[in-house]
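Listed in TrEMBL:
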| type | residues | note |
| --- | --- | --- |
| DOMAIN | 1-410 | domain 'Major facilitator superfamily (MFS) profile' |
| TRANSMEM | 47-66 | transmembrane segment |
| TRANSMEM | 73-94 | transmembrane segment |
| TRANSMEM | 137-160 | transmembrane segment |
| REGION | 184-205 | region 'Disordered' |
| TRANSMEM | 229-252 | transmembrane segment |
| TRANSMEM | 264-285 | transmembrane segment |
| TRANSMEM | 297-315 | transmembrane segment |
| TRANSMEM | 327-348 | transmembrane segment |
| TRANSMEM | 355-378 | transmembrane segment |
| TRANSMEM | 384-408 | transmembrane segment |
Amino acid sequence: MKGLAVLLPTLQGQADTYTWVIGWMIVIMEVTADLTGPIASPLERRFGIRACLMVSGVMITVAFIVSAASSSVLVMAVVLAALAGPGIGLSHVLSRELIGRCFQSGGTSTAFSISQTGTPAAYIAIPWLSQLFLDTYGYRGTLLLLGAIFFHLTACGALLRFPSDNDATVTKEGRDYISLVSGAEEGTQSSTDSNASRRSSDQENRAKTSALRSFWQNLHTELFYDVTYWLLAIIYIIIQFVYTAWLVYYVPHTQAKGFSLSDVTIFTAISGLTRILTGLSLGPLLDKIKIIGNKGFMGITLILLALYYLIDPWLTSFWSTAVNQGVYGFAIGLAWLLADVLLCEAIAVDRLGSAFGWISMKSGILRFSLLYLPGLIYDLTRSYTLTFMLLGGAHLIGFAVLLLLVWLQRRKQ
């Protein structure tokens with residue numbers, strides 16, 4: 001996303017089109033990544049996680065190669081939406097499911113915190129790297145190099161190693177999961193040979209019906225009847241929606257307050273570095289500190305995020321804004337970590353992938369439908385103050401939902 005955002009002015013000039021067309025193309029890729037989330041778990045059960053991750057890497061790489069070779073915005077939009085988006089969505093859901101399953105009994109916070117340091121690191125490194133590629137090789141070469149970076153996903157999928165039976169760091173749930181996905185990979189060829197040997201049309205029809213039934217069951221639509229799932233999904237979607245709005249509108253908002261682009265770069269770097277430090281340090285601490293629990297930490301985090309958005313429009317000095325950004329990096333890093341951990345605690349391991357996928361889909365639909373509103377508010381008021389106040393209010397809604405979740409669980413106990 002950041003790499004394509006750096007290329008946006010160049011692509012707009014090369015295609016001789018409007019800026020919003022290129023921006024919408026990038027948004028559509030992000031939306032299709034979210035929409036493919038629910039089918040990640042059924043595909044994993046059928047083909048295995050290694051195959052899914054390797055194919056995802058190939059899909060994204062091919063999309064960027066085709067985009068580099070094309071001069072048509074329509075072709076780029078189609079391949080990014082049809083190949084890159086689903087590849088990103090599948091790999092994102094499956095990697096988080098794998099971590100959640102294999103660290104059920106301990107180390108969940110540490111595992112997720114380490115894995116999530118990649119996002120802030122990318123926000124710091126990729127814009128600079130993309131600009132270097134663009135200045136050196138042009139936009140086509142940049143797209144090829146971004147595709148080559150994505151191709152490392154295929155290598156990561158190929159190098160996944162299933163632990164041995166005497167590995168004490170893996171839980172029983174994780175071991176059952178490993179047995180399932182490794183069996184799926186080993187069974188792919190045997191099932192193909194078996195299907196080839198069938199000559200009866202009735203048997204083939206029964207096999208197709210069974211496959212469709214298995215696919216539907218692995219979607220785990222029974223989650224829609226789980227109140228805990230819905231409350232956690234609302235909190236998760238609020239965090240993701242507001243964070244995406246921050247990514248899009250923070251730079252123009254800060255420049256509108258009178259800061260230079262170099263100042264904005266420093267502020268975003270501060271939030272990114274703080275988020276990395278938060279991920280590397282707080283994850284292990286959360287696994288050991290059980291005084292207020294993960295829900296208590298999530299409540300504190302949502303309040304911090306709300307205060308950040310409510311205070312930021314009124315800060316005009318460099319140092320106060322820098323400190324506020326440091327608090328934001330700490331809070332948003334902790335929010336993402338706790339959102340994943342709470343979901344792993346509340347959802348059964350066999351439904352975890354579907355839970356991540358369905359939440360991604362709902363979040364994608366909401367962001368696609370409503371993320372134009374901050375820009376519309378600015379056009380009407382010529383200020384981002386009201387926008388940031390509303391974003392802070394959204395986190396207060398998340399806090400209220402969290403209180404409802406705690407009350408319902410205590411009442412149930």
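Cβ coordinates are placed from backbone N, Cα and C, and glycine is handled just like the others.
TrEMBL: automatically predicted annotations, no manual curation.
Contacts between the transmembrane segment (47-66) and the transmembrane segment (137-160): present, as 3 or more C-beta pairs lie under 8 angstroms, all at sequence separation of six or more.
Same-chain residues lying 6 or more positions outside the transmembrane segment (264-285) and placing a CB less than 8 Å from one of its CB atoms are 109-114, 116-117, 119-121, 123-124, 250-251, 254-255, 321-322, 325-326, 328-330, 332-334, 337.
Sequence-distant residue pairs (6 or more apart) of the transmembrane segment (229-252) and the transmembrane segment (297-315) include at least 3 whose Cβ atoms are under 8 Å, placing the two stretches in contact. With pairs at least 6 apart in sequence, the transmembrane segment (355-378) and the transmembrane segment (73-94) have 3 or more Cβ pairs within the 8 Å limit; the two touch. Counted over residue pairs 6 or more apart, the CB atoms of the transmembrane segment (384-408) and the transmembrane segment (297-315) come under 8 Å in at least three pairs, which marks the two as touching.
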